[in-house]
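Q: Found this in Swiss-Prot, in case it helps:
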BINDING   THR74, HIS264, GLY265, SER266, ALA267, PRO268, ASP269, ILE270, ASN277  NADP(+) binding site
BINDING   SER83, ASN85, ARG89, ARG99, ARG121  D-threo-isocitrate binding site
BINDING   ASP232  Mg(2+) binding site
SITE      TYR128  site 'Critical for catalysis'
SITE      LYS175  site 'Critical for catalysis'
Amino acid sequence: MAEFTPITIAYGDGIGPEIMEAVLYILRKAEARIRLETIEVGEKLYVKHYSSGISEQSWESIERTGVILKAPITTPQGGGYKSLNVTIRKTLQLFANIRPSVSFYPFTKTLHPNLNLTIIRENEEDLYAGIEYRQTHNMYESVKLISRTGCEKIIRYAFEYAVKNNRKKVTCLSKDNIMKFSDGIFHKVFNEIAKEYPQINNEHYIIDIGTARLATKPEIFDVIVTSNLYGDIISDVAAEISGSVGLAGSANIGEHYAMFEAVHGSAPDIAGQDIANPSGLLNAAIMMLVHIGQGDIATLIENAWKKTIEDGMHTADIYNKDHSTKKVGTKEFAEEVVKRLGQKPEKLAKADYPLVTKKQESNTTYKINTKEVKKLVGTDIFVGMNVASAHDIADKVNKLDIGNFELKTISSKGLKLWPRDTRFETISDHWCCRFMAKDGVELKHLDITKLLETLSKANIDFIKVENLFEFDGAAGYSLAQGE
């Protein structure tokens with residue numbers, strides 16, 4: 001008797017329920033060996049005051065099955081709500097987001113008939129973590145966190161993916177010409193790990209020119225690895241130029257759990273009209289079937305889907321008079337795929353997945369390097385003061401006894417404004433005061449707390465503290481522009 005794999009299903013919001021019904025219909029007709037557990041997430045939970053969009057009962061189902069197929073959800077805009085996608089990815093430690101983009105030319109309209117690439121996006125870190133603060137009346141902050149171990153995991157995964165899938169090149173995208181620490185470590189780790197895979201070509205682009213090349217010459221790319229926010233943006237670019245965002249599915253992979261979803265959003269403006277393309281979620285389901293070792297069913301469905309595309313049965317988003325035979329709705333598209341189960345495409349590449357898929361694993365143990373000598377050399381204290389000039393703050397601070405520190409610079413938004421030859425006025429209530437240790441002084445954390453107490457007594461409103469360290473003598477902090 002065939003073994004059935006338990007799968008958690010989330011219908012989502014907007015067009016989610018109708019495309020999920022279409023996909024489940026195809027899975028049933030293809031006799032996928034799965035047992036479904038349905039959970040409620042997204043908008044219905046948000047209105048019940050679940051700020052994360054998911055309940056404890058839903059978590060229990062995901063933890064029980066280990067695999068979730070999720071339709072798009074709607075995250076309410078504005079404060080008070082957290083993205084469910086980000087919450088699931090981070091909670092389940094789904095560190096790798098895999099997003100293939102393939103052209104189905106001439107059956108779908110595209111300027112790039114040879115497009116065939118995969119974007120591997122880091123899934124847990126970066127600005128996408130959503131760590132944000134309002135610090136003053138005027139200033140808002142979003143924190144970008146990148147770890148060496150996070151870089152190592154995703155970059156090694158990308159090279160292993162290239163090896164496993166007979167890819168020839170891995171391209172890294174970053175902005176390390178500006179963000180020399182966060183994006184800098186991503187690029188540095190890429191260069192280190194690339195040396196371990198001499199059979200795979202490697203290259204690096206700055207994200208802006210890399211995105212431009214992706215939009216105009218996508219055929220030059222094979223596998224792209226990048227950080228979270230960049231990956232989110234460029235994967236939509238790749239999906240769009242392939243013919244339709246509605247065709248792209250994605251996998252979110254961790255050590256113990258996996259989530260599969262369409263790349264596109266919930267599109268509430270077309271919900272309930274039976275016009276949405278279910279292909280993105282269907283392709284995600286195909287990736288899920290491969291992941292759980294049902295490559296035979298994945299092959300059956302993908303070949304039927306490609307034959308449907310070849311035969312011109314197209315939803316509105318990809319319909320064109322040159323290669324489309326009939327404009328079909330969501331339900332009819334699913335029915336057309338089912339009619340072609342057992343058939344194979346004639347021009348598009350035929351799918352042929354192995355029955356049992358070996359999980360992509362790494363024997364590497366990721367550890368934090370603590371061998372570098374870490375030395376406290378100063379502190380950046382951010383203050384909230386509505387003054388016309390940094391000189392006003394400097395005049396006030398320099399009248400105080402600041403112990404083992406000396407005030408080196410005052411900056412705003414990364415631009416040094418003191419000391420300068422002239423009093424430069426700027427509109428700001430958010431200032432960074434850089435205090436460095438006096439010559440010959442070995443700083444302790446107690447020195448910083450004393451400094452904060454001194455500032456507080458002087459009615460200087462400190463709003464944030466960033467301590468400055470050297471690691472093996474190298475500065476672990478950036479300089480302000482002009483410093």
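Backbone N, Cα and C define each Cβ position, glycine as well.
Note that the coordinates shown come from a computational prediction; the quantities given were computed from them, not determined experimentally.
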Q: Taking only C-alpha atoms and a 10 A limit, tell me which of ASP232, GLY265, ALA267 are near ARG121 (D-threo-isocitrate binding site). These are the binding-site residues.
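A: Cα filter at 10 Å returns ASP232.
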Q: Looking at the binding-site residues listed here (ASP232, GLY265, ALA267), whose Cα lies nearest to that of LYS175 (site 'Critical for catalysis')?
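A: Sorting the binding-site residues by distance from LYS175 (site 'Critical for catalysis'), the top entry is ASP232.
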Q: On a C-alpha basis, identify the one among SER83, ARG99, TYR128, ASP232 that is nearest to ASN277 (NADP(+) binding site); the candidates are the recorded positions.
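A: The answer is ARG99.
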Q: Can you check which residues sit near GLY265 (NADP(+) binding site), meaning Cβ under 8 Å from its Cβ, same chain, 6 or more apart in sequence, and list them in order?
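A: The answer is GLY14, PRO72, THR74.
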Q: Using a 10 Å cut-off on CB atoms, tell me which of the recorded positions ARG99, ARG121, LYS175 is the least crowded.
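A: Among the recorded positions ARG99, ARG121, LYS175, the lowest count of other Cβ atoms within 10 Å belongs to LYS175.
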Q: In three-state terms from DSSP, label ASP269 (NADP(+) binding site) for me.
A: helix
Q: Using a Cβ cut-off under 8 Å and a sequence separation of 6 or more, which residues in the same chain sit near ALA267 (NADP(+) binding site)?
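A: In sequence order, GLY14, ILE15, PRO72, ALA276 meet the Cβ cut-off.
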Q: Can you tell me how many other Cβ atoms are located within 10 Å of the Cβ belonging to ARG89 (D-threo-isocitrate binding site)?
A: 22
Q: Would you mind reading off the Cα separation of ASN85 (D-threo-isocitrate binding site) from the residue listed as 'Mg(2+) binding site', to the nearest angstrom?
A: 12
Q: Quick one: of the recorded positions SER83, ARG89, ARG99, TYR128, ASP232, which has its CA closest to the CA of ASP269 (NADP(+) binding site)?
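A: If we rank SER83, ARG89, ARG99, TYR128, ASP232 by Cα distance to ASP269 (NADP(+) binding site), first place goes to SER83.
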Q: Using a 10 Å cut-off, grab the number of neighbouring Cβ atoms around the Cβ of ASN85 (D-threo-isocitrate binding site), all chains included.
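A: A 10 Å sphere around the Cβ of ASN85 (D-threo-isocitrate binding site) contains 22 other Cβ atoms.
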Q: Same chain only, sequence gap of 6 or more: which residues have a CB within under 8 Å of the CB of SER83 (D-threo-isocitrate binding site)?
A: GLY53, THR75, GLY130
Q: Around ASP232 (Mg(2+) binding site), which residues of its chain at least 6 apart sit with Cβ under 8 Å of its Cβ?
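A: Listed in sequence order: ARG121, TYR128.
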Q: Once the DSSP letters are reduced so that anything not helix or strand counts as coil, what is ARG121 (D-threo-isocitrate binding site)?
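A: DSSP assigns ARG121 (D-threo-isocitrate binding site) to strand.
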Q: Return the single residue from the binding-site residues list (THR74, ASN277) that has the minimum number of other CB atoms within 10 Å.
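A: Minimum Cβ neighbour count within 10 Å, taken over the binding-site residues THR74, ASN277, occurs at THR74.
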Q: In Å, how large is the greatest distance between any two Cα atoms among THR74, HIS264, GLY265, SER266, ALA267, PRO268, ASP269, ILE270, ASN277, the listed binders of NADP(+)?
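A: With THR74, HIS264, GLY265, SER266, ALA267, PRO268, ASP269, ILE270, ASN277 as the binding residues for NADP(+), the largest Cα distance is 17 Å.
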